[in-house]
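Participant: What follows is a structure written as structure tokens; I'll ask about it next.
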Amino acid sequence: MNFTAMAGLLSLAVAMGIGRFAFTPVLPLMLRSGELDVATAGWIAAANYAGYLVGAMTAARVKLRAGALGIAALVATAVLTAAMAAHGPVAWGLLRFAAGVASAWAFVATSVWCLGALAQQGKGHLGGVVYAGVGVGIAITGAYCLVAGAGSAQSLWIQLGALALVLALPAMVGASKADGGVPSAHRDAARPTSDATGLVVSYGLMGFGYILPATFLPVMARSVVDDARVFGLAWPVFGAMAAISTVLAAAWLKRASRLTVWSACQLAMGVGVLLPSLWLTGWTIALSAVLVGGTFMVITLAGVQEMRARAPHDPAAAVGRMTAAFAFGQIAGPVCSSLLLHVPAFAAHGLNIALQLAAAGLLLSGLWLARETSRIPTNPEVAHAR
């Protein structure tokens with residue numbers, strides 16, 4: 001296996017699987033110990049997504065080469081993860097915000113140094129392997145929490161911080177050998193095509209939709225069965241599906257247009273988000289993990305590629321719009337659920353209502369994307385892609 005691709009995979013596994021998503025499998029243990037409630041957890045999750053938005057918008061302004069930025073972000077991710085052993089929702093919120101910034105910087109930096117190095121090696125087709133790192137990291141983190149779930153949440157956070165540092169070592173070696181810089185923040189604004197706004201909105205709705213099960217799926221599983229060994233399976237399955245689907249998506253995208261793939265995955269995710277809000281059983285939890293985990297990274301790949309094709313003169317700015325919409329959606333999801341849980345009339349079903357709102361957005365945007373596949377594009381590159 002190509003070392004550069006594996007280094008990029010491990011970088012995203014640490015930055016995303018641990019830096020961004022470790023809170024999800026640890027959350028049931030924190031709830032079980034009475035350290036916080038679901039509503040407060042939503043605000044802490046939102047702090048992480050706000051940090052990710054800030055990181056995505058500032059990565060281009062950090063005056064470091066991509067490799068150096070990636071190394072710094074990975075070290076910060078490990079330290080901030082271990083620091084979650086602290087007590088109190090205020091400290092947790094601040095730490096998760098900082099971890100969100102670090103994970104966004106690592107994601108942007110890895111996309112620059114790793115994909116650039118692969119292109120120089122003539123191995124650009126291994127980009128799918130790199131982005132499978134998100135799912136691999138989620139699966140590793142979930143499996144580790146499943147095995148170590150008998151201990152306290154504090155000890156688990158410290159162990160995850162150590163795990164992040166160990167996994168990051170090969171990634172830091174790869175980043176140190178790579179060349180490349182973070183894209184300039186001073187390019188002229190892209191001139192998107194007339195339907196680009198719909199793509200941005202659809203991508204933002206995906207962020208709103210997937211983040212609710214991505215945050216609360218193990219908690220929902222815990223309400224069905226209190227055995228940590230059982231409800232803890234939801235998150236490793238989610239991550240495994242994300243990793244497998246990302247690798248398979250490359251072959252699918254050779255036979256189908258990007259919008260076709262995006263539309264199908266958006267609709268499937270909508271069903272996956274809706275199911276546990278209607279029937280909370282072990283089977284609906286499992287189906288949700290498969291349908292949401294198996295689509296969110298495929299949508300990322302197809303969506304970013306489509307947007308780049310529609311703004312060939314400045315793809316970085318166009319993709320930046322999508323990233324911002326995605327990050328806003330991620331923030332809105334936990335905030336929406338927390339607000340509903342604090343309203344007495346909706347307190348008993350606040351999370352279910354939020355899931356149903358998210359599912360409606362996903363299904364409607366999926367239908368819009370399906371309609372878009374029948375339109376004749378004006379951009380020759382888009383036409384070729386279809």
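Glycine is no exception: its Cβ is also placed from the backbone N, Cα and C atoms.
Pulled the feature table from TrEMBL, pasting it below:
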type	residues	note
TRANSMEM	38-59	transmembrane segment
TRANSMEM	66-85	transmembrane segment
TRANSMEM	97-118	transmembrane segment
TRANSMEM	130-150	transmembrane segment
TRANSMEM	156-175	transmembrane segment
TRANSMEM	196-221	transmembrane segment
TRANSMEM	233-252	transmembrane segment
TRANSMEM	259-279	transmembrane segment
TRANSMEM	285-304	transmembrane segment
TRANSMEM	325-347	transmembrane segment
TRANSMEM	353-370	transmembrane segment
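Show me how these features fit into the shown structure, please.
Facilitator: Same-chain neighbours of the transmembrane segment (38-59): 20, 23, 27, 30-31, 69, 89, 92-94, 96-105, 107-109, 182, 211, 215-216, 219, 320, 323-324, 327-328, 330-331, 333-335, 337-338, 341-342, 351, counting only residues six or more beyond its ends whose CB sits under 8 Å from a CB of the stretch.
Using a Cβ-Cβ cut-off under 8 Å and counting only residues 6 or more beyond its ends in the same chain, the transmembrane segment (66-85) has close neighbours at 11, 14-15, 18-19, 22-23, 26, 59, 92, 95-96, 98-99, 102-103, 105-106, 108-110, 112-113, 116, 154-155, 157-158, 160-162, 164-165, 168, 171-172, 175-182.
Same-chain residues lying 6 or more positions outside the transmembrane segment (97-118) and placing a CB less than 8 Å from one of its CB atoms are 2, 4-5, 7-8, 11-12, 14-16, 19-20, 47-56, 58-60, 62, 65-67, 69-70, 72-74, 76-77, 80-81, 124, 126-127, 130, 171, 174-175, 177-183.
Outside the transmembrane segment (259-279), and at least 6 residues removed from its termini, the chain residues within Cβ reach (under 8 Å) are 202, 206, 209-210, 212-213, 217, 220, 249, 252-253, 285, 287-292, 294-296, 298-299, 302-303, 306, 351-353, 355-356, 358-363, 365-367, 369-370, 372-373, 386.
Here the transmembrane segment (285-304) has long-range neighbours at 128, 131-132, 134-135, 138, 199, 202-203, 206, 210, 213-214, 217, 220-221, 224, 234-235, 237-242, 244-246, 249, 252-253, 258-259, 261-262, 265-266, 268-269, 271-273, 275-276, 319, 322, meaning same-chain residues at least 6 beyond its ends whose C-beta is under 8 angstroms from one of its own.
Beyond its flanks by at least six residues, the transmembrane segment (353-370) meets 198, 201-202, 205-206, 208-209, 212-213, 259-260, 262-264, 266-267, 269-271, 273-274, 276-277, 333, 336-337, 340, 346 of its own chain at Cβ-Cβ distances under 8 Å.
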Participant: What residues elsewhere in the chain lie close to the transmembrane segment (233-252), defined as a C-beta under 8 angstroms and at least 6 residues from its ends?
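Facilitator: Sequence-remote neighbours of the transmembrane segment (233-252) are 17, 24-25, 125, 128-129, 131-143, 145-146, 213-214, 217-218, 220-221, 261, 285-286, 289-290, 292-298, 301-302.
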